[in-house]
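Participant: Okay, here's the structure, questions in a sec.
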Amino acid sequence: MIIMGLDPGIAACGYGIIHAKGTKLECLACGVLRTYSDESATKRLESIYQGVSNLISEFSPNTVAVESLFFAKNSKTAMKVGQAKGVLMLAAAHNNLEIFEYTPLQVKQGVCGYGSASKEQVQKMVKQILSLDKIPKPDDAADALAVSLCHSQAYRLRTRL
């Protein structure tokens with residue numbers, strides 16, 4: 001199964017694509033889709049949509065996992081991230097992909113085994129689980145891989161029951 005994990009953001013939207021076959025996990029790609037503040041909001045959202053659509057075409061994921069928006073001190077920022085998340089979900093829906101959402105707590109539990117894990121602990125586990133040479137950069141890419149791993153774990157548990 002190929003899982004595309006997404007960490008929504010308007011300036012940097014992280015993606016992490018893994019291949020999960022049984023207990024074997026392999027990182028196929030990770031990175032960020034960047035937009036720039038001098039672009040209009042519409043152009044930025046279109047860029048995110050196109051970028052995710054291109055990744056879907058290239059990697060043909062079976063499913064998409066998205067990190068849920070938890071909270072933001074700035075409501076304007078929360079709104080922009082929510083718009084980016086909507087565009088990501090639309091791209092997945094246009095490709096008939098099932099979408100799963102995970103909270104940051106669920107991602108930490110799925111990757112590290114406990115919900116109070118630090119960002120650094122999650123990144124180290126992503127590196128270890130996927131047998132990577134180094135922690136993926138930027139953080140948004142590592143976060144997206146963590147979302148993919150969380151879904152892989154949740155899927156394995158669901159299919160065993």
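Glycine residues also receive a Cβ, built from the backbone N, Cα and C atoms like all the rest.
According to Swiss-Prot:
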ACT_SITE  D7  active site
BINDING   D7, D140  Mg(2+) 1 binding site
ACT_SITE  E67  active site
BINDING   E67  Mg(2+) 2 binding site
ACT_SITE  D140  active site
Participant: On a simple 10 Å Cβ count over all chains shown, which one of the recorded positions D7, E67, D140 is most densely packed?
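Facilitator: It comes out as D7.
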Participant: Measure from the CA atom of D7 (active site) to the CA atom of D140 (Mg(2+) 1 binding site) and give the result in Å, rounded to a whole number.
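Facilitator: Checking the Cα atoms of D140 (Mg(2+) 1 binding site) and D7 (active site) gives a distance of 6 Å.
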Participant: Could you state the CA-to-CA distance between E67 (active site) and D7 (active site) to the nearest Å?
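Facilitator: The Cα atom of E67 (active site) is 6 Å away from the Cα atom of D7 (active site).
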